[in-house]
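See below for the structure under consideration.
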Ligand SMILES: CC(=O)SCCNC(=O)CCNC(=O)[C@H](O)C(C)(C)COP(=O)(O)OP(=O)(O)OC[C@H]1O[C@@H](n2cnc3c(N)ncnc32)[C@H](O)[C@@H]1OP(=O)(O)O
């Protein structure tokens, strides 16, 4: 017996919902000005309501995501998950997740993704870490002289930026698995960055990259220079020359003590561009958490490497209709009957889906049960992906 109902929130409940989620994340409630700038995909803000008050929320906007092999498939981009502090641990998020997956299926979205505030929340609902990103800090770095120079950069003001970037992002394209479309539901959230600097790179074929960064003063009693920290929050490039050009620009900005870059692809070239690679320190963090909401559809959407087939058994306690055996072959993936060679939970399947983690690594870690030892190397080849997956879009 629960004392709450989960449902699609009505438009007049959205500000209460937005206030709840901001406060759940220890942020302030939206001001009138902030609220006026927010838009939401219709009927995708879900809530738990108790005694007439919104006590839990989750939202999704429809997007699409590139999967290995180049297909781009409908995807639920999940955010704004929060339960009021006095209503936690009584199953509200669990029921919201159940409703959200049903809603995703109704919209034909076989994949759901999110960025997690904590790693302890989402595995139980079948999400696994599917892409990773580099977080870098460059302290007083300089570019190696031989880095090729081609093209130029220009600074945009806020109005120019919002006119230019949507088209430029589309032109750059979803060229890695894990990259997602940024439609009309994403671009209004660009306002999350206060006073951003926006720089566009132009190469021989036109605009081909952009970087968005903010700055924070670093000066203090021990550091009286007017140094700033540049915080790169969004950076995309169509080609290496654009990446080089934007790093050339960033490293050349005056009054900068350090550059922090969030969420770069793990194969970013920054260390290779620097005269002293040790000026660049960083770590790799979990980026996109993925839920295969409709496992047969999601498995059929991606391509596979060249190896003899493997039968896997998927166990999905939260959405049992996904549980079953699947034949994975270089020609595709379908439901089959028969003995599995590998057995895994659906969150582990999400981890190997974009090729960021190898099945053998999960087997070594005890997360994939191996029935047929010969199948592990074949599964590695089938799920491998030449390009390193990366999303690169915060939401
Ligand atoms: C994509 C995003 O928006 S990320 C932002 C996520 N939101 C936040 O971090 C805001 C602060 N946290 C919250 O609002 C809440 O704690 C939530 C939303 C994470 C969880 O909501 P709840 O309604 O308490 O979750 P619910 O009661 O359904 O919990 C289900 C299970 O998950 C566990 N669980 C839930 N949250 C956590 C957590 N943060 N850490 C560890 N375990 C958790 C519960 O203990 C429970 O386990 P059980 O089934 O073994 O009993």
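All residue numbers here begin at 1 and follow the chain in the order shown.
From the backbone N, Cα and C atoms, a Cβ is placed for every residue, glycine too.
The active site, proton donor annotation in TrEMBL covers 122. Under a cutoff of 8 A between CB atoms, and with a sequence separation of 6+ in the same chain, the neighbours of residue 122 (active site, proton donor) are 114, 116, 289, 291. Reduced to three states, the DSSP call for residue 122 (active site, proton donor) is coil.
Residues or ranges marked as active site, proton acceptor by TrEMBL: 395. In the three-state DSSP scheme, residue 395 (active site, proton acceptor) falls into the coil class. Within the same chain, residues at least six positions away from residue 395 (active site, proton acceptor) with a Cβ under 8 Å of its Cβ are 61, 77, 79, 115, 186, 189.
Counting only residues at least six positions away in the same chain, the Cβ atoms of 2 sit under 8 Å from the Cβ of residue 90 (acetyl-CoA binding site). DSSP classifies residue 90 (acetyl-CoA binding site) as coil under the three-state reduction. Per TrEMBL, the feature acetyl-CoA binding site maps to 81, 82, 83, 89, 90, 91, 92, 93, 94, 117, 118.
Taken from TrEMBL, the feature domain 'N-acetyltransferase' covers 4-150.
For the acetyl-CoA site, whose annotated binding residues are 81, 82, 83, 89, 90, 91, 92, 93, 94, 117, 118, the maximal Cα to Cα separation is 19 Å.
Within 10 Å of the C-beta of residue 81 (acetyl-CoA binding site) there are 23 other C-beta atoms, taking all protein chains into account. In the domain 'N-acetyltransferase' (4-150), helix, strand and coil residues by DSSP number 40 helix, 51 strand, 56 coil.
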